[in-house]
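J.: Right, I'll just put the structure down here and ask away after.
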Amino acid sequence: MLNAVPLPAVLTLAAALFCIGLFGALSRRNLIGVLMGVELMLNAVNINLVAFWRYFEPRYITGQTFAIFIIAVAAAEAAVGLAMVIAVYRHYVTVNADEVDQLRG
Amino acid sequence: MEVVVQVVFGLIALFILVAAAMVVSVRNVIHSALWLIACFFGVGALYLLLQAEFLAVVQVLVYVGAVSVLILFAIMLTRQISGEGVRQLTSRWPVVLVVTVLLFATVMAPTLINQQWNVPPAPPLGTPEPIAGPAELGRGFVNEFLIQFQVVGVLLTVALIGAIVIAFEERARRRRVLTLAEELELKRLRERATQTETPEPVEAEPVARETRPASEG
């Protein structure tokens, strides 16, 4: 793996995944679609961490530990975020992000 | 051997990127969630290729097993009656597309490719490389990362309680969720209303807003 695939290839893949997730998070109308974009971005960050761990210091566990913590935080974020989506849907009867604009001045 | 690894990496990368592109571009939200599951699987395969086996298992367990099921449930609980055929992207999506493509093409990719990474040389083939596995990881979680481990546990508990509190609704105010049969009936009624071109739309709201009888509580 180390000799076959250079590190920039993996990092470029992660960057492309991050940009796709960013596009989804910024341009989806559905709130759940926005959350799915955020999940894609978190996955891209995790790929970065694991790649750096593997190429630079595979004998230490720090990189993998950080990735596992990020997965845990992402799971918490998904749970709270989707609960909020359900609460918003109950109140506004829509999950369209543009129609939830009560705070607009 | 190296060619095999390169081909596998290329296939995984292609799979991840295609699945992610489908996630953000497909019209049906449920299809989008299914593509998201495929993308998570691809990322797990990439972890395996990077020799982070435990992380690959965690990825499949947490993302594919838990988060995607959560997303699917949220979609099913919040689907609008006329969810299909509605525009899924905001009107400003071309601007966002240009911004993200420019971000990737002019900032990220050139930086990553032109950077001198000083990667330590890999040991010659045949010699076993010391790689931290699940055993070292478990030892780290009870030694040097003990406090962080506990904090993450507290965070997950708080998130669980918070999710319940946010999504909780008093029983008296609970709204009935339409079953699939009722939704189809509603759709048929609407189509009939548009075909006969009656000026007033079919009254669909009372079904959706009907509250449960108080005796049920």
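Our numbering is plain: 1 for the first residue shown, then up by one each step along the chain.
Yeah, the Cβs are placed from backbone N, Cα and C, and that goes for glycine too.
What TrEMBL lists as transmembrane segment is B:6-26, B:33-50, B:56-77, B:89-113, B:145-168. Residues or ranges marked as region 'Disordered' in TrEMBL: B:190-217. According to TrEMBL, the compositional bias 'Low complexity' annotation covers B:195-205. Residues annotated as compositional bias 'Basic and acidic residues' in TrEMBL: B:206-217.
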J.: Report, as numbers and ranges, which residues of the same chain sit near the transmembrane segment (B:56-77): CB under 8 Å and 6 or more residues beyond its ends.
T.: 29-30, 33, 36-37, 40-41, 43-45, 47-48, 177
J.: Six or more residues beyond either end and a Cβ under 8 Å away: which residues meet both conditions relative to the transmembrane segment (B:6-26)?
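T.: Long-range Cβ neighbours of the transmembrane segment (B:6-26): 32, 35-36, 38-39, 42-43, 45-46, 49, 88.
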